[in-house]
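Input: a single structure, listed below in structure tokens.
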Amino acid sequence: MVKIKVRSSAWYDGVDNASHRSYLRAVGFTEEDFAKPLVGVLAAWSELGPCNYHTLDLARYVKEGVKEAGGVGLTAPTIVVNDGINMGTPGMRYSLISRDLIADTIEAQFNAHGVDAWVGIGGCDKTQPGIMMAMVRLDLPAVYLYGGTAEAGWLGERELTIEDTFEAVGSYLAGKITLEELKRIEELSFPTYGTCQGLFTANTMAMLSEALGLALLGSASPPATSARRRAYAVASGRAVLKAAELGVTPRRVVTYDAIYNAAVTLFATAGSTNAILHLLAIAHEAGVKFTLDDFDEISRRVPVIAALRPAGPYAMQDLDRIGGVPRILKKLYKAGFLRPEALTVEGETIGKLLERWQPPAVPEDGILYSVEKPYKPYSGIRILRGNLAPDGAVMKIGAADKLKFEGTAKVYNGEAEAFKAVAAGEIKPGDVVVIRYEGPKGAPGMPEMLKVTAAIVGAGLGEAVALVTDGRFSGATRGIMVGHVAPEAAVGGPIALVENGDKIAIDGETGRITLQIPQEELERRRKNWTPPPPKYSGGLLAKYAALVQQADKGAVTTPPR
């Protein structure tokens, strides 16, 4: 039996804790169980969407692994906000907020009940970083387990993901497809439970869980429906008690080098821009100093080697059949891009794990490329700065064909206004659509603009217009899109001062974004600007707006460690 039961002894050992033991006997504990390590199994579960529909089932398999390793597992839930269902609605304001709430609920549950170690099972976009933030915050032995991607859909020979449905709406509004064609894509694009199928935010964060060393190597890519997904659940249950025996805790794993490796992987795969926010937040919880300047430096050296949607044509299940995330990591490791001494929850360095890992004997089929002959010669994401974003902004250049754009501002104080303009055909080639007051404090909650961006792409304007916002983008976004503009409009950032007709220049090569007006005019507008009143005076959204920091700080709500 594993001899790590230390913390839970204060809750469950001794005469004075007899009543505590009574409670656990009521849920099935035996006398022998009280001598075992208590392992929490955190399931981000919900039937309000497919992403986390099956996590309770995975929790059963995790508990099997815990039992095999000599512990006893108890399942606890956390909240889920499904981004895709809330896209373009007031509910999207709760998306990023839920990340921090998830970390808080895990801290409350597991610290209140004295667990010795835990496994976190996440599916959708915010459950994953929320769990990882909690891992480093609690610093108990812990392993992350991804719920897995949904299978791709098919329309004849065409592979479909949920991205196709979002963009089909824009195509229908532009008169390019019929309502019946839209309906057919809607019906076929998401055939199973699991997360969105491309390298959107959920699959990006799953990939980065391996790069960070918080998940078992190879565990990110098997689909939610795969038997291998359940096998990784059992293995994660065993692994967390091995980590406890070895004294491996998340703050030993999440070092500067681990965040560095995750950033390299993000840029090499053209993953979701949301990962920048989440990695900043994870680093914040770990007490690791990692800033946009670090991301910027790394991004200027790393090419894109993965042709995964939305930057390429392939889905996560396609990557899985050629070996999954380790095949990417090994390429980066052999090319000298990774820091191999970073520790993982498996108790070994990522370099040693990758040395042993061998790819399956199947061709890469254009899904992956070499570092020497990459899919794209530049990074997937660029950090921008300039007089429109003094504290930084992000641009997903890996999913755009043009890196430079200069155009005329059309300004909208919110996503709903902008979507109406796109639907009405008011957006023309050469426009820079500016959507503001959608930042962490201003919205509040920094919602994603996928409804607008997908409509723009679906209308055939993806490379003809640009979009700039203090909000966020979905990982499914493609085109010339700049987000996370900091400072945001609500706190008086320069984006609040943009007027219709202003010229804006975006340069993804040099990393600059410029509002082309004289400094004197900018100062005149600043003097005339008044902050808008808060949108909420009570409840969760008001509390969040009061606490949240800016996007360049990860939009966190807790003080620095």
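The count begins at 1 with the first shown residue.
The backbone N, Cα and C atoms fix where each Cβ goes, and this holds for glycine too.
Other Cβ atoms within 10 Å of the Cβ of Ser474 (active site, proton acceptor) number 30 in total over all chains. Under the DSSP three-state reduction, Ser474 (active site, proton acceptor) is assigned to coil, being neither helix nor strand. Annotation comment: Swiss-Prot describes Ser474 as active site, proton acceptor, evidence class sequence analysis.
The Cβ of Cys196 ([2Fe-2S] cluster binding site) has Cys51, Gly84, Thr149, Ala150, Thr161, Ile162, Glu163, Ala202, Asn203, Gly475, Ala476 as same-chain neighbours under 8 Å, each 6 or more residues away in sequence. Feature annotation from Swiss-Prot assigns [2Fe-2S] cluster binding site to Cys51, Cys124, Cys196.
The annotation Mg(2+) binding site is assigned in Swiss-Prot to Asp83, Asp125, Lys126, Glu448. Asp83 (Mg(2+) binding site) is surrounded by 29 other CB atoms, counting those within 10 A of its CB over all protein chains shown.
Long-range neighbours of Lys126 (Mg(2+) binding site) (same chain, six or more residues apart, CB within less than 8 Å of its CB): Val81, Asp83, Ser95, Leu96, Ser98, Arg99, Ile102. Swiss-Prot lists Lys126 with the feature N6-carboxylysine.
Here the Cα atom of Asp125 (Mg(2+) binding site) is found 9 Å from that of Ser474 (active site, proton acceptor). In this structure the alpha carbons, written CA, of Glu448 (Mg(2+) binding site) and Ser474 (active site, proton acceptor) are 6 Å apart.
Here the binding-site residues are Cys51, Cys124, and the one with the most other Cβ atoms within 10 Å of its Cβ is Cys51. Cys124 ([2Fe-2S] cluster binding site) sits 12 Å from Ser474 (active site, proton acceptor), taking the CA atoms of both as reference points. The DSSP secondary structure for Cys51 ([2Fe-2S] cluster binding site) is coil. DSSP classifies Glu448 (Mg(2+) binding site) as strand under the three-state reduction. Those residues of the chain, other than Cys51, Cys124, Cys196, with a C-beta within 8 angstroms of the mean position of the [2Fe-2S] cluster site C-beta atoms are Gly49, Pro50, Asn52, Asn82, Asp83, Gly84, Gly123, Asp125, Ala150, Gly194, Thr195, Ala202. DSSP gives Cys124 ([2Fe-2S] cluster binding site) a coil state; it is part of no helix or strand.
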